[in-house]
Amino acid sequence: MEIHLNRVDYMQVGVTSQKTMRLLPALGKKATQKVAIADHDGILTCFGMKKGEAVPVFKTLPGQKITRMDLGGAVGTPQEKIFICSGSQVRGFTKKGKQFLTFEANLTETINAMHVSGADLFVCASYIYNHYCDCKDQDYYLSGDKINDITCLSSENLTRPAPVLACQDRVLRVLQGSELAYDIEVPGPPSVLELYSKEGGEEILYGTTDGKMGLVQVGERSAATKWEIDNDKKRGGILCIDTYDIIGDGVNDILVGRDDGTVEVYGFDSNNEPTLRFEHVLSESVTSIQGGCVGKETYDEVLTATYTGWVTGLTTEPQKAEAGPGDEVRMSKETQSKVEALRAELEQLQLKVLQGREQYQQISQSSTAVSAVPVFSINDKFTLCQDDASYSLTLEVQTAIDNLLLQSDVPIDLLDVDKNSAVVSFSECDSEQPNGNFLLATYRCQANTTRLELKVRSIEGQYGTLQAYVTPRLQPKTCQVRQYQIKPLSLHQRTHSIDQDRPMNRLSLVGQFSFAEIHAWVVFCLPEVPEKTPAGESITFYFHNTFLGTQLEATYCKGEGHFRSDNISTISILSDVLSKEATKKKINLNISYDINDDSVSHTLKMIHPKLEYQLLLARKVQLIDALKELQVHEGNADFLIPEYRKILDESANLLEEYKKQPAHLERLYGMITDLFIDKFKFKGQNVKTKVSSLLEILDNYDLNSLLDFFNEA
Amino acid sequence: MLVPIFTLKLNHKINPRMVTIGKFDGVHPCLTAATQAGKVFIHNPHTRGQRPVAHRLSQSTQDSDISLLNINQAVTCLTAGLLGPNTTGDTLLVGSQTNLLAYDVHDNADIFYREVSDGANAIVLGKLGNIPTPLAIIGGNCALQGFDYEGNDHFWTVTGDNVRSLVLCDFTGDGKNELLVGSEDFDIRVFKEDELVSEMTENETVTSLCHMHGSRFGYALANGTVGVYDRTARYWRIKSKNHAMSIHAFDLNADGVVELITGWSNGKIDARSDRTGEVIFKDNLSASVAGVVEGDYRLDGQQQLICTSVEGEVRGYLPASKDLKGNLMDSSAEQDLIRELSQRRQNLLLELRNYEENAKVCLIKTNSGMGVIPANTQLQTALSVRPASEVQKAHVELSISTPNETIIRAVLIFAEGIFEGESHVVHPSVQNLSGCIRVPITPPKDIPVDLHIKAFVGGKTSTQFHVFEITRQLPRFSMYDITADSSAAPPTGWVTFSINDRPQRVVMWLNQNFLLPEGVDSPDATFNSLRGGGLLSISMASNGQITLRTDDIDLAGDLVQSLATFLAIEDLSAEADFPRYFEELRTTLTEVDEFHSVHQKLTAAMADHSNYIRNMLVQAEDARLMGDITTMKKRYRELYDLNRDLINEYKIRSNNHNALLVCLKSVNQAIQRAGRLRVGKPKNQVISACRDAIKSNNVNALFRIMRAGTAPSRG
């Protein structure tokens, strides 16, 4: 079942946050709906479409940036009251724009997630959850990691409404009053929650920052996962979800908006499995998505709001034929008047801007005046991609980016991204002091680039800062710097549990340090650890290495810390960094090791299949060209042995696979070398001189000879 | 939306840039391309199952429409077209590193097979200037050669570096074709027969050229730039992170004007307006584009644009029909217009907000993270020449400073041709932040460069900085330090010529083209070359005779050309002597002879060996048939040894050949350099006289010509 949707742009507001655009319920059947959207300028706009033109219903005055929007209303009535939150304040508006509620939540932090249901108001600031009923404090909960979204379930099967929090540490926390009922493990950090059915029910949809999606059924004591969709196509993280029957088969479809601009529609096949039915790529993050009817009566559409504030519809209304009988491309009257109005507005603005420029020039003559340009907003994301163990950095600005300067004080590799059309140029850099630059690269962007995607590969054990200087095409020209930490164990990712049967090495620290201090060190070493010191006496975190698959368990409390890993290099890096950090704070550490020699051969055996696969792949790829030449020369490939014929048949796949993992083999070699050095470091031996013979063995790789070499040396 | 009218999968790889279409029987256009293993394939879907197989041509077993042509050498370029006067169809021309083959596909016969010692990197077929017959012109290592249908070379000249692209077009508008040559020294040169009429300097190897219409032509560079020139003026250019593999002119939107079609290394094809460079159409192939050509492949009287990928995918496009109204892309124009206007409105609003907020801050003077700087901050930049010191090599120093307590967080310099990439960044560490940054610049060549400087200025802890954008020009001869006295030995090389101009004009030229701290007021000056080339002295006598002394013949040539352009001199003859360089050249010439004789010896040895092999193989097989296993083993062992010897000899031969190529290149360069000491007609005379001297192997005459600038009278 194919659907075809056409894109229509409705209007543009300021920069928007996640989930800040909603469709108000339709008044009658088949009538168009009004759109409410709130932006970073603090303006709440409500508009409807009339004859292709956006007609505002109301617009509030600018103020603090609005971070969320939800619709509410008394139970049983249309949910048409608009609730927005900015700072720690929640405000309510009627659909006519009359403000009927101002509520100060008295939180020290800004609210970043909100859910309204009848008289209940649920708000979350980074770690705090609060529940109010009729603006009276009800429940309170402190989460272990950042809360990204909240929703609340109510159903006949549940004794009381169950709020669900989407937390950064890859769990959905189901609450009962002020207590945690249980948590649900999900495959990635969840970024958005949505009720599967708008009428209630116990099913919720979640989307993750690494682009996965799933449906869970929440029960009183436990939850069951109905289905999960992986992110095979490497699309962006999910920012918003809605359910709406856009296909028109009587079943609600799932509408998904992602941070790389992808809009997807999933329908359900006869087995009730979700399948992708439609896909469209906008050029910027899709922050909100809704299904409904806006542009024209009887035509359903998917309405999206993007980061830079564009409200765009993907409508089922067929596009009109553009060319008329004349030579000119005929424009509809509506469009013509729209264009004229825009042009007139532009002219006026141009004049104003010219005045502004002149004044700005005049100020520059004065010796006392200062020049200060307001901070422009950058939407950035720096995440570890699990499948190729590299970091992806995305930057998005509300106007076109002119250029980007990347600077790093650690050795990192910059990888090419197909989507990125900017011209990159690497500058010579002086890694020696005084400047200590390991990477200086400029990206000169093509016109109209508002979003840039980069890929960066780090090496574990080498840590520092990556800085991005973003210069947009906006007068007066300014640039903003963003910093990203490359942590010592940069390739590690949080996980829910580890395999306890593996041979493990242990690193133990004892000393005069507080819980907060050791937590700060762990935050310094490992990604995805909440910055806030956890509640309670002690804490355990589990990690796995995305590249090798080895694992790490960190358990610590005041005065004591234990780290267990099957990878000896992980232990070595941790011990180096922790002792360095402790020395900085002048804290005496008592470090002890418990090295398990089996762990090294265990790790080597874990690397073995990867290494063997890569070596075989490299060998096959090397042969492809020669074999193809033989094939052309002889006219066919029948005379080749089956193995070679197979390589020829699979050549396209092999090449693609090979291209996907640049320098994979070199990385594996590097890690084996580290393993070798670290193994003997703990024995007090320096084996750097033997590395060349190790590399020789790797060149003629065989697991047994490698194991022997590790044991003998 | 324009869609391909046909798509083919040819199952043969296609070498990039080696694709053409030829009507070999005079009627049916055939897609012809070089593929792996030294073969050329000809795709002829029009006359199925009626082709004889013989000589070089063989039928591909994979695809009956394809015939394969065995060249047995790596193909470097190919083209097809009318060469001879009495042929039925087009002639196929295939160039390799050592040979040029002209082949009649229809009659299945070689027309000529010529050895070309300078190689053939690029080829073009057509009429040049006043030469009556069409020529196949090949560009090799610094040399250009044109052959007629009999294989006689009617045209020969040298150029500055290895030729990478050629095109014929009427550049001067005189109704006759000029030859445009793109080479590895980043220049596009225009030859009116063997006279150099124009030179345009780009900033990377010129990989493709194509004629658009009139005097307009498109070009592509190795760094991903494509653009359009009209004569010597560049109309537009764009740069992509991908490489342009092939460019072609084709009127895709049927508006009567050709567009520049570019095939990219990522498989993208785009059509750009010849006036603005605006993309009017794009499509994607699954692999890198190999070549873009045009032909009437469906035999319906309409030309199609045919794009090929390296994996053998072929797509053909017809020009857009009238009802598409030139709108070839899959988007609605009105939506785009509205979006563009709204975007502009948004930008203006944001700019306006910037000024408003700025004014507010001026009133209340609060300091937030905005990176507030005094409004009267202005950047000062200065360029100066720095001789080598103990810690740093000699360089040109660009110093950028702020007048107050603000700091410069980083400096980005975008400039073409002087950095490894297109930009250079200076980013001091946090401890070393200051209001002054010195950037050492060492331009590798003597070219004038615009430095586009972006400096990030703010406070020490700011996260947002003001960006100052300044453009400074680096003069052509910036790497020369004017010295008062010199203890270094004076240069032995010199060139001298006379001009009819006032000394003041020469002084002006000096001041404009050199980095002089105070400027000079006399045309006599001595410089120290920072690239380690010793001294350079310029002197002018009262009779207008100028003498340049330097040991660097390239520099002398650059100076002569620059001065001649400045003073608008059309013809300039000169006398010169560069003893050291000439001595080197003499050695090279003897080396060339040696390499030639070694080459002959090796070829003879190879022939001997192949005879042995034949004998040995017969003997071995005899022994096998007789059941004499011992002898057979012995023979095969010997055969194996012989094979190894052959491989070794091959290595020697190829080394010898490479060395020979290097020498030949430097000989060609020497002729070019001698030419560059002169301007206009004297220049062409020198080049052709040198060529004659080399042809007749008269080394002494060669040097006489290079010194005196004219051919010695024969007698």
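Including glycine, each Cβ sits where the backbone N, Cα and C put it.
Copied from TrEMBL, the annotated features are:
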- B:20-126: domain 'Ciliary BBSome complex subunit 2 N-terminal' (DOMAIN)
- B:165-272: domain 'Ciliary BBSome complex subunit 2 middle region' (DOMAIN)
- B:392-477: domain 'BBS2 GAE' (DOMAIN)
- B:482-567: domain 'BBS2 platform' (DOMAIN)
- B:579-676: domain 'BBS2 hairpin' (DOMAIN)
- B:681-707: domain 'BBS2 C-terminal helix bundle' (DOMAIN)
Query raised in the report: Does the chain bring the domain 'Ciliary BBSome complex subunit 2 middle region' (B:165-272) near the domain 'BBS2 hairpin' (B:579-676), so that three or more CB pairs sit under 8 Å (pairs 6 or more apart in sequence)?
Result: no
Report summary line: With the cut-off at Cβ under 8 Å and a gap of six or more residues from its ends, the chain residues touching the domain 'BBS2 C-terminal helix bundle' (B:681-707) are 156-158, 194-196, 571-577, 582, 585-586, 589, 667, 670-672, 674-675
Report summary line: the domain 'BBS2 GAE' (B:392-477) resolves under DSSP into 3 helix, 47 strand, 36 coil
Query raised in the report: Over the domain 'BBS2 hairpin' (B:579-676), what does the predicted model average in pLDDT?
Result: 87
Query raised in the report: Per DSSP, what is the residue tally for the domain 'BBS2 C-terminal helix bundle' (B:681-707) in helix, strand and coil?
Result: 24 helix, 0 strand, 3 coil
